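As given in TrEMBL:
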| type | residues | note |
| --- | --- | --- |
| DOMAIN | 39-289 | domain 'G-protein coupled receptors family 1 profile' |
| TRANSMEM | 23-46 | transmembrane segment |
| TRANSMEM | 58-79 | transmembrane segment |
| TRANSMEM | 91-118 | transmembrane segment |
| TRANSMEM | 139-162 | transmembrane segment |
| TRANSMEM | 193-216 | transmembrane segment |
| TRANSMEM | 237-256 | transmembrane segment |
| TRANSMEM | 271-291 | transmembrane segment |
Amino acid sequence: MGNSSEIVSFVLSAYGNIGELKYLYFIIILVWYLSICVANTVLIVVIRVNRRLHEPMYILLCNLCVNEINISTSLYPLLLSQMFSDRHEVTVPWCFLQMCFMYTSAPAEFCSLAAMSYDRYISICHPLRYNVIMNTERVFLLILLVWLYSFLSFIFPFSFIFSLKFCGNIIHNAYCDHQLIIRLSCAVPIQSFISNISFLLLSVFIPFSLISVTYMKILRVCRKTSKENKQKAVTTCTPQIISVSNLFVGCIFYFIDFKFLVSQVPDEVRIILPMYFLIFQPMLTPFMYGFKLPKIRQSYQRFLFERK
């Protein structure tokens, strides 16, 4: 990695000169990051200590919470470390490491939700075969496949970045964005366009298509079932539908090129909106599932208020 470029560090220009506001920003970011970690950890612990929740759906939910902590950790420690920096520099290896964690966690989010939608599909459409199909071994195999696929969906499209030669080192963002890093290369290769399309296809389009197909099948089955079964399906599927919708909005914000709207959009908005998915999704997950799923809501109450 050190031989890939004469440039040894990148400068994150989005921070600018924030002056005394850096203390306020630091506190806000730190509190938000700790809140994400605590909320997701509490949900994992609640599922772990309650044997009634040792079911495939909740095991997959634990995996999703682990990913929320992982994707937050790929972003917030760097933001916090840059608050009190004057130069806002990040070494090339650390920048590539952040990019690797961040762009592996993003497809893992979609793939985890795809795995959870498949679980709901089997539960609602094939209830008599559910315990056979979604046994513990297959659930953990499914989680392993989620992470393996997520890593390959990053490393396959972006492996060429590690060998690029850079003629600039200023990244106009608050973190190491692969699209901006590619623009700093001395000659933007055709692989950059192919990699963007490949990453979008592998990390977003394929998992989102699987989620859409499973929920269309669930909807078709629910139309023929009793009102009670419909209500049960809505209760268990609502958090996932909201999560997928929120992710879709975040992807739109990320892939919009705000450079064409420089005069209309403030700098703060152009920086924050592409990070919408990274900021709000990790906090949405524990609260949505904690409040919407009755078993978890009851377990929350026992865990937080009835322990002596």
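For all residues, glycine too, the Cβ spot is worked out from N, Cα and C.
Between the transmembrane segment (271-291) and the transmembrane segment (193-216) there are fewer than 3 Cβ pairs closer than 8 Å, counting only residues 6 or more apart in sequence, so the two stretches are not in contact. Over the domain 'G-protein coupled receptors family 1 profile' (39-289) the predicted model carries a mean pLDDT of 85. Long-range Cβ contacts of the transmembrane segment (193-216) within its own chain (Cβ-Cβ under 8 Å, at least 6 residues beyond either end) map to 103, 106-107, 110-111, 113-114, 117-118, 120-121, 149-150, 152-154, 156-158, 160-161, 179, 182, 237, 240-241, 244, 248, 251, 255. Beyond the transmembrane segment (139-162), the same-chain residues lying 6 or more positions past its ends with a Cβ under 8 Å from any Cβ of the stretch are 1, 4, 56, 59-60, 63, 96, 99-100, 103-108, 111-112, 115, 118-119, 178, 181-182, 189, 191, 194-196, 198-199, 202-203.
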